[in-house]
Amino acid sequence: MNATIPQSVSTETKVAKSADLNVQIPRSRYVVFLSLFVLGTFWDLYTKATVFESLGYPGGISTWKQTFLNSWVQFRYYTSFNEGALWGMGQGYTAMFAILSIGAGIGILCWLFWFRAAKSLWLTITLGLVMAGTMGNLYDRLGWHGYEVAGRKMFAVRDFLAFTFGNYHYPIFNFADVFLVTGAIMLAFYSIFLDLPESKPKEKSASTGEEA
């Protein structure tokens, strides 16, 4: 048996959605988002260019390294091209990931400023980081870095941050990946702890007089 939604409830839902779309976004949110997006993208591209020009590509390795926990953790630079996604997954699908990145960028802008997610400072910071990471890696996937290997233009992401934990070599990554992972963690935290439904006063059922 199908339950019928009362007309009043349906109307209230529509009004609530309409009101939410009409919420005025503070100008500071635009500043926060653009600052994180622009500065994050710049830092990612700058560090990639600096390290690759200094060490060569691919396989250039820094002569120095940092060690932690009695040398169990080691960190150094190691230049590498990644034709897949985060942690090297999906190798060879660069074009698909580039298209997904463009779609993600459009989706972020719509969510923030059309659907008013930017009213939340937390989401504004989160999506600013995700946007920076997405665009930093998209730049590489489109081949705009101009690098070639054996005469073949590389439509691949430049990675250079290399960690070793004991005998385990963690997948090489870059700052765009750092921004993406940080944004994903913040988004998960928001979904679990911050995006709580607003409490509504209990209503009495018109037919039974009981609280709904």
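Every residue gets a Cβ built from N, Cα and C, even glycine.
It should be emphasised that the depicted structure is a prediction, and the values quoted were computed from it without experimental measurement.
Listed features, source TrEMBL:
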type: TRANSMEM; residues: 30-46; note: transmembrane segment
type: TRANSMEM; residues: 93-114; note: transmembrane segment
type: TRANSMEM; residues: 121-139; note: transmembrane segment
type: ACT_SITE; residues: D159; note: active site
type: TRANSMEM; residues: 172-194; note: transmembrane segment
type: ACT_SITE; residues: D177; note: active site
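Comparing 30-46, 93-114, 172-194 for CB pairs under 8 angstroms to the transmembrane segment (121-139), the maximum falls on 172-194.
In this structure, the C-alpha atom of D177 (active site) lies 9 angstrom from that of D159 (active site).
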